[in-house]
Amino acid sequence: MAGGAFADGATLKRAHLYEYKTTGYFIFSCLVAAMGGSLFGYDLGVSGGVTSMDDFLRKFFPEVYRRKQKHLNETDYCKYDNQTLTLFTSSLYFGALVFTFAASHLTRSKGRRASIIFGSLSFFFGAIINAFAMNVAMLIIGRLLLGVGIGFSNQAVPMYLSEMSPAKSRGRYNQLFQLTTCLGILVANLVNYGTEKIHPWGWRLSLGSATIPAILMGVGALFLPETPNSLVEQGKLEKGRKVLEKVRGTSNVDAEFADLIDASNEAKAIKHPFRNLLTRKNRPQLIIGALGIPMFQQLTGMNSILFYAPVFFQSLGFGSGTSLYSSVITSGALVVGAITSMALVDKFGRRTFFIEASIEMFCYMVALAITLALKFGQGVTLSKAISVFLVIIICLFCFAYGRSWGPLGWLVPSELFPLETRSAGQSIVVCVNMIFTALIAQCFLVSLCHLRYGIFLVFAGLVAFMGTFIFFLLPETKQVPIEEIYILFQNHWFWKRIVGDGTDDDGLDGKKGIPN
């Protein structure tokens, strides 16, 4: 069902004429660009580990440190409930959501590569400031700079990977972003596990090591080609065709290049891409890609576990070293999930992974909530059997998320938008993602304190809703050329009543006759 649930198959324009070979040039470009995920992943992993280290808490958050010592070996929902401490984590995401709109302008006018380079530079300087921080203000400033880097890289990298990839394997290569994100989380947890034993400055090494992925991505980006889509959008047709021939490994790219030119001509007629997102033609992309999926990705509850896995495990009564070790295990489950998704998503499709994993994740959240309701928060140490069961449930949840909402939360939005609104749309994707990432980061520990096990029932209900959302509203996009995705909505059982044939004009783009 090319059109998704209850849809008729769509007739694509020139997709059957596309030719490609997998070239070393293409693989190099994707691997370097995908390093942007390691910036995001390393920060997700390192922040939770550092905030559980005694040396870090003693220097910057002595009140939390004293409270932790009082309940060192006991379960306590409120052990880490401190808004300044959570601001250390969430400030990065507030910075990212603001600067992603600046990234949109740079990405559209100067290309995806320019945003990748700028993002790596900002992330590098943020990591330096954090490593040498002497007070909370320096920590927050460093985190804001890290957020600028995340805003630029997360805006550009998924677009870059989707535009460079051939349609039949776009899912696999786009998910390199999620794989490097998961690997970044895993590496960060391993670094934290080692530096936790280095007193009193191990936390500085953890934070400062964020410069390494920034350097790798920044230097590698200097050798990246710009995407053919972006070059054509900038009017560099000859160069765009040369890059397309090089990444496809063939000179027979007439059909794909013609589609790029058609998409570029429509894009050039659009003077206000953000306003154009509101037109009927782009209503499905706005609701599903720009708002729904990036919001739901965070409301699964996964990032609450990633941010605070060591803190969460310590709250459950695990020791400091054991909690970091448990975090390594859960991040390893994410890596396995990402690899599984890369291998199979272009065969089984995006919808299958979304829906099946949502059912699993719902069950795991309910199981977690029931276990905590019965065995947790009574001021006693959890038994070994219960502790092992909780780690297994969280690992299974991470594996389900790692092959579905994690990678597909970036893949699907990046392939839904037409060229004229792609940069603007991806900015909203990042903005919405970061708004809810920041809210989860800021509110999870206080919610855990006050709602206790109920917070996981809330996540379970949200997961059930988002799985239903995908089932009814998302068409299957596997192996469909990125510039022909819009045809799926014209054939979808629900969206075709809204978008029609894409030729009506509701006046929002200010251009009579432009499809919207």
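Cβ coordinates are placed from backbone N, Cα and C, and glycine is handled just like the others.
Predicted automatically and left uncurated, TrEMBL annotations should be read as such.
Quick look at what TrEMBL annotates:
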- 23-42: transmembrane segment (TRANSMEM)
- 29-478: domain 'Major facilitator superfamily (MFS) profile' (DOMAIN)
- 85-104: transmembrane segment (TRANSMEM)
- 116-134: transmembrane segment (TRANSMEM)
- 173-191: transmembrane segment (TRANSMEM)
- 203-224: transmembrane segment (TRANSMEM)
- 286-312: transmembrane segment (TRANSMEM)
- 324-345: transmembrane segment (TRANSMEM)
- 357-376: transmembrane segment (TRANSMEM)
- 382-402: transmembrane segment (TRANSMEM)
- 423-447: transmembrane segment (TRANSMEM)
- 453-474: transmembrane segment (TRANSMEM)
* Structure fact -> For the transmembrane segment (453-474), the distant same-chain contacts (Cβ-Cβ under 8 Å, at least six residues beyond its ends) come to 4-5, 284, 287-288, 292, 296, 299-301, 304, 350-351, 354-355, 358-359, 361-362, 365-366, 368-370, 372-373, 376-377, 405, 412, 444, 447, 494-495
* Structure fact -> Here the mean pLDDT of the domain 'Major facilitator superfamily (MFS) profile' (29-478) is 87
* Could you check if the transmembrane segment (203-224) is in contact with the transmembrane segment (116-134), meaning 3+ Cβ pairs under 8 Å among residue pairs at least 6 apart in sequence? => yes
* Tertiary contacts of the transmembrane segment (423-447), as residues 6+ beyond its ends and Cβ separation under 8 Å -> 80-83, 85-87, 89-90, 93-94, 96-97, 100-101, 103-104, 107-108, 147, 150-151, 154-156, 158-159, 273-274, 276-277, 282, 285-286, 289-291, 293-295, 297-299, 301, 303-304, 307-308, 311, 409, 413-414, 416-417, 455
* Excluding the flanking five residues on each side, which residues at least 6 beyond the ends of the transmembrane segment (116-134) place their CB within less than 8 Å of a CB in that stretch? -> 33, 36, 39, 60, 103, 106, 141-154, 156-157, 160, 204-205, 207-211, 213-215, 217-218, 221-222, 224
* Are there residues at least 6 beyond the ends of the transmembrane segment (382-402) whose Cβ is under 8 Å from a Cβ of it, and what are they? -> 75, 178, 182, 300, 302, 305, 313, 316-318, 326, 329-331, 333-338, 340-341, 357, 360-361, 364-365, 367-368, 371, 375-376
* Would you kindly list the residues that approach the transmembrane segment (357-376) from elsewhere in its chain, counting only those six or more residues past its ends and only Cβ-Cβ distances under 8 Å? => 75, 77, 300-301, 316, 382-383, 386, 389-390, 393-394, 396-397, 400-401, 403-405, 452-454, 456-457, 459-460, 463-464, 466-467, 470
